[in-house]
Amino acid sequence: MVTWVLNYLLVAFLFAISYNIDAASAGITRHYQFDIQLKNITRLCKTKTIVTVNGKFPGPRVTAREGDNLQIKVVNHVSNNISIHWHGIRQLRSGWADGPSYVTQCPIRMGQSYVYNFTVTGQRGTLWWHAHIQWMRATVYGPLIILPKLHQPYPFPKPYKQVPILFGEWFNADPQAVVQQALQTGAGPNASDAHTFNGLPGPLYNCSTKDTYKLMVKPGKTYLLRLINAALNDELFFTIANHTLTVVEADACYVKPFQTNIVLLGPGQTTNVLLKTKPIYPNATFYMLARPYFTGQGTIDNTTVAGILQYQHHTKSSKNLSIIKPSLPPINSTSYAANFTKMFRSLASSTFPANVPKVVDKQYFFAIGLGTNPCPKNQTCQGPTNTTKFAASINNVSFILPNKTSLLQSYFVGKSKNVFMTDFPTAPIIPFNYTGTPPNNTMVSRGTKVVVLKYKTTVELVLQGTSILGIEAHPIHLHGFNFYVVGQGFGNFNPARDPKHYNLVDPVERNTINIPSGGWVAIRFLADNPGVWLMHCHIEIHLSWGLTMAWVVLDGDLPNQKLLPPPSDFPKC
């Protein structure tokens with residue numbers, strides 16, 4: 001009898017453990033509501049009305065665990081159309097929830113709502129969410145934190161505390177008016193008036209000392225800083241005076257840890273760093289600074305945002321402490337940018353393998369850069385000349401979004417003929433010396449063109465920067481996938497030489513990669529996610545000018561390899 005009871009208890013115990021493991025693995029459903037509403041905000045002594053989520057700027061933090069299902073209801077109370085992109089989420093078979101307007105959905109109109117329903121599969125780390133229509137993401141953005149599954153440790157020392165820090169840009173003017181003026185005149189856009197940490201410009205701007213982000217820390221602790229570059233148009237250097245940072249993650253993918261004093265993030269990128277505080281209380285406070293990296297032509301916001309790292313003390317006041325200020329690289333320090341980027345390597349461990357495709361089915365070569373459109377008749381423009389407007393393109397195709405339906409919807413119902421074409425060029429139609437003397441003709445062609453891929457195609461894509469209207473870096477973001485960065489360099493990509501030096505062992509895995517200024521980058525990915533997926537420069541004005549394209553990934557043969565149908569509350573155009 002005793003033996004039977006013990007056996008029964010043992011079986012029950014093992015069943016409970018198994019059930020808990022399965023439950024932890026399966027995840028839970030988490031519900032959020034985003035109310036899109038107007039809010040008066042004062043920065044730099046100027047009060048203006050901005051579009052927010054739930055009246056917060058930046059917006060609320062979304063937290064989940066790997067394996068969780070997220071159902072986020074977005075209710076639009078403002079006259080602006082809106083859609084939300086969950087930047088970096090794979091959206092496996094849930095492309096209807098990806099968010100870019102007129103790509104995977106029509107925007108949510110005033111008085112309408114839409115539930116973004118997706119499951120976080122095989123991902124953990126720092127991501128973010130933002131509006132994906134016009135320049136609405138200037139104020140509509142926030143962190144998306146994916147914690148590991150229960151009882152799964154980090155592959156680095158457990159931090160005492162985790163702190164998201166979002167980099168942003170503040171415009172005294174309405175960002176929508178800024179981009180509309182630029183597109184109408186053909187000129188570059190007016191620059192922002194400040195950079196921000198978590199919405200605060202800090203003490204280096206006029207009338208801004210009270211709006212300073214402070215990070216309060218204790219001595220002898222390790223903090224995980226979740227850095228997110230949500231700026232519209234600026235790549236940013238970041239540093240903390242007298243403190244070394246250990247990089248442990250990029251774009252929600254763990255990396256081999258390395259130490260640095262300065263972090264560079266392009267728009268759209270995230271980087272997790274460990275900050276180990278000093279062992280005893282220092283008689284000082286420390287500036288955190290961020291300012292742009294830029295090599296292109298035109299006007300940018302070359303100002304510096306400052307926050308304060310302050311040590312807590314139960315008796316001492318910080319009022320009379322000196323503030324130590326760090327230094328940052330010059331604005332055009334491409335050498336630092338390149339060396340920093342090369343430091344990133346995947347863990348490539350048994351727990352977190354680097355599944356880089358070794359065999360490639362399809363190869364593509366995309367020339368990325370600026371260009372021009374002709375000025376409309378009887379109008380004087382302010383582009384490179386008074387007869388041209390600024391534009392941008394991939395393989396000389398400047399992308400035009402549809403406005404009466406979405407690419408995904410037209411594809412799903414089999415009515416894409418009058419919406420997009422499938423003849424996107426796999427390489428430049430007219431090759432040229434991409435990083436040398438630019439061609440005399442800088443005019444781009446315009447169209448809505450995509451590349452079609454069969455399910456599970458392995459893709460190698462070389463992204464080549466160009467010198468047309470100036471060389472500059474381009475942070476390229478791919479929706480729906482992560483990719484491996486197998487190679488990068490300066491000058492023109494050499495197909496006979498450069499692939500021999502690819503890293504196919506531990507290349508970094510990302511969703512957004514900087515094409516070096518005057519250089520190239522090679523990526524590989526597996527097209528295992530059916531749907532329509534945007535790929536674009538995350539410098540917002542370049543996206544507005546057409547530096548984007550889309551991949552259509554066809555369904556596979558099995559039921560779990562097919563795109564699910566759209567939800568019942570899917571927004572209508």
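Here the Cβ of each residue, glycine as well, is placed from N, Cα and C on the backbone.
The model shown is predicted, which means the values in this text are computed figures rather than measured ones.
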Suppose a student reads Swiss-Prot and sees HIS479, HIS536 listed for Cu cation 3. Which of HIS31, HIS77, HIS130, HIS132 should they find annotated at that same site? HIS132
Suppose a student reads Swiss-Prot and sees CYS537, HIS542 listed for Cu cation 4. Which of HIS474, HIS501 should they find annotated at that same site? HIS474
Give me the DSSP three-state residue breakdown of the domain 'Plastocyanin-like 1' (35-151), ordered helix, strand, coil. 6 helix, 59 strand, 52 coil
What does DSSP call HIS542 (Cu cation 4 binding site) in the simple three-state scheme? helix
Taking Cα atoms as reference points, which of the binding-site residues HIS474, HIS479, CYS537 is nearest to HIS85 (Cu cation 1 binding site)? HIS479
Protein Cβ atoms within 10 Å of CYS537 (Cu cation 4 binding site), excluding its own: 28
Near the Cβ of HIS542 (Cu cation 4 binding site), how many other Cβ atoms are there if near means within 10 Å? 26
Listed binding-site residues HIS132, HIS477, HIS479, HIS536; those within 10 A of HIS542 (Cu cation 4 binding site), CA to CA, turn out to be HIS536
C-alpha spacing of HIS536 (Cu cation 3 binding site) relative to HIS477 (Cu cation 1 binding site), in angstrom: 6
